[in-house]
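S.K.: Sharing a structure here in structure tokens format.
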Amino acid sequence: MHFQWDWLCLGVLIIGSVTAEIENEEILGADVEVEDFDKQSQEADVDEDESSIGIVYQTPKPTGEVYFTETFDGVLTGWILSKTKKEDTDDNIAKYDGRWEVEELKENTVPGDRGLVLKSVAKHHAISTMLTKAFIFDNKPLIVQYEVNFQEGIDCGGAYIKLLSSSNDLNLEYFFDKTPYTIMFGPDKCGEDYKLHFIFRHKNPKTGEYDEKHAKRPDVDLKKFYLDKKTHLYTLVLKPDDTFEMLIDQTVVSKGNLLEDMVPPVNPPREIEDPADKKPDDWDERPKIPDPNAVKPDDWDEDEPSKIEDLDAVKPKGWLDDEPQYVPDPNAKKPKDWDEEMDGEWEAPQIPNPKCETAPGCGIWVRPMKNNPKYKGKWKAPMIDNPNYQGIWSPRKIPNPDYFEDSHPFEMTAVSAIGLELWSMTSDIYFDNFIICSEKEVADRWAADGWGLKKLVASANEPGMFSQLVTAAEDHPWLWVLYILTLALPIGLGVLFCWPAKKTDEDIEFKKTAVSKAITKGEIKQDREELEDDEIDLEEEKDNEDIVEDERREPEETKGELVKDTQKMEREASPSEDEGEGVEDIDEEEENGVADGSQEEGDKSNKSGSEDEMKEDDESTSSGDGPLKSVRKRRVRKD
């Protein structure tokens with residue numbers, strides 16, 4: 001048992017240590033699983049800028065074919081601020097006069113790494129630039145990736161980008177909300193509505209008009225990406241097989257098909273309801289109707305009220321009929337500025353009558369009302385199935401005159417520029433490391449050299465587990481109870497199961513008794529088995545020639561044992577001998593009996609006599625006094 005308790009204590013200690021390690025990793029780790037870019041980042045060439053934890057930053061460089069990259073680490077060139085105004089908006093806020101700056105992160109700074117920061121609050125911002133080369137949707141995937149950090153959180157505003165459609169009249173100085181775009185992608189939030197947009201403009205092949213197609217909302221909770229003030233990586237992957245994926249921090253949060261998972265669908269329905277079709281006047285949509293054959297019962301009285309006076313009610317004793325429930329306040333005084341001509345005659349305000357506080361009630365007593373047992377209400381015929389029911393009417397279907405089928409919506413309008421057109425009620429939204437390419441490996445390497453370093457620095461600057469627990473408890477005080485229980489439970493279990501208990505004399509005596517009893521039972525079982533074996537041997541020896549001699553010697557030995565037993569009983573009856581000596585004599589006699597029995601078994605070959613003589617001896621012996629019987633039983637039990 002002691003061995004089992006040792007193993008239990010060891011198991012509790014191991015589980016506690018493993019649980020603490022897991023909790024530490026969960027608190028210090030990121031909220032989402034990400035690929036390990038730290039090793040790739042450390043392989044970068046050494047630059048003159050180095051962080052406080054020894055991380056060397058180098059401006060990311062593309063490792064393959066790209067259509068656009070921007071790190072904002074150097075001089076901001078090529079980016080154009082919009083000079084136009086937003087339509088359908090008040091003039092005082094219609095102008096795109098929001099301010100942009102290029103600067104480092106406020107927290108978890110990587111020296112030398114800068115980004116584009118939206119600085120103004122409650123203003124429209126618009127900035128754009130041309131791609132290195134236009135992207136044409138043919139047989140290559142489109143990968144758009146960039147970083148966002150809501151440094152001050154976000155109340156209401158977006159951080160999405162627009163890929164502007166190629167056109168001959170594209171002028172970035174006049175970039176505004178109505179500028180044609182092909183794809184809009186990125187985070188957006190207002191109130192408690194957290195979104196991740198993916199919208200593409202699809203051209204109707206019949207009319208030539210463009211319609212916006214919105215991807216379905218992701219199933220994951222996006223709230224943490226907007227409030228943790230960390231830099232997050234947003235990626236859109238659009239493939240030529242008309243499938244798409246949206247990723248945050250290299251983890252897929254939404255995926256689907258352009259033909260099946262967009263709202264509204266890319267292709268219109270084949271059939272539509274006929275707008276000229278009208279429901280016939282005799283169309284009956286009622287599934288149930290009143291039974292026309294039902295008749296109101298004769299005893300149905302519709303005039304009976306639902307409530308009647310309770311005639312059995314009795315006015316309580318002490319009811320004050322002459323006292324009103326409210327009386328004028330005797331302590332009230334007319335205000336000094338009271339003008340009776342303007343305000344009328346002044347009256348003291350009413351207060352509850354103090355005499356009614358100790359009485360059951362005041363005023364005229366009225367019997368209470370009760371439900372009328374005869375009330376049945378207005379009679380209505382029961383409802384039955386309508387034999388003329390025709391179902392819910394709907395217009396007939398006709399072929400959709402505007403129907404078309406676009407089996408390959410990936411072939412969108414080519415893209416030649418990228419822009420940010422935003423409104424925000426929060427400042428300091430950080431953008432960095434834009435890339436547009438067709439190879440996932442190129443985008444991953446780009447992320448490793450930029451976002452991977454930011455993630456590593458943020459993880460290194462995370463406060464310790466104890467600090468995080470204290471901070472969480474400050475926001476949620478009920479966590480202190482959980483902390484105390486979490487610490488007290490393993491300590492209590494350790495004391496309960498692992499603390500050595502003192503052994504009392506009663507426990508020791510109980511254990512000795514249990515062991516003694518177990519040994520005695522084992523010896524009895526062994527003696528019984530030996531006795532059975534001896535009996536089998538005796539039955540086999542009866543067929544031998546020496547059976548007679550054995551039976552002749554047995555009465556003589558029995559007599560000898562009778563004499564010894566008689567002497568023993570005399571010693572027991574003697575008052576001069578104490579109990580301990582009597583016990584020793586009995587044991588000696590039993591040992592002598594065992595020795596005699598052993599000698600008897602050894603001399604079985606020399607025994608003689610017949611079976612009849614043995615029976616006579618037994619009868620004569622049994623007819624004697626009681627001690628002889630006990631001696632024979634004791635001898636047999638001993639054998």
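Numbering starts at 1 and runs along the chain as displayed.
Just so it is clear, glycine is given a Cβ too, placed from its N, Cα and C backbone atoms.
Note: TrEMBL annotation is automatic and uncurated.
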S.K.: Considering the candidates Cys9, Cys190, which is the cysteine that TrEMBL reports in a disulfide bond with Cys156?
M.R.: Cys190
S.K.: Do any residues at least six apart in sequence from Cys156 (disulfide bond), in the same chain, have a Cβ closer than 8 Å to its Cβ, and if so which, in order?
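M.R.: The list for Cys156 (disulfide bond) reads Lys189, Cys190, Gly191, Ser424, Met425, Thr426, given in order along the sequence.
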S.K.: Provide the number of Cβ atoms within 10 Å of the Cβ of Cys190 (disulfide bond), excluding the reference atom itself.
M.R.: 15
S.K.: With DSSP helix as H/G/I and strand as E/B, how many residues of the region 'Disordered' (259-339) fall in helix, strand and coil?
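M.R.: The composition, in the requested order, is 0 helix, 15 strand, 66 coil.
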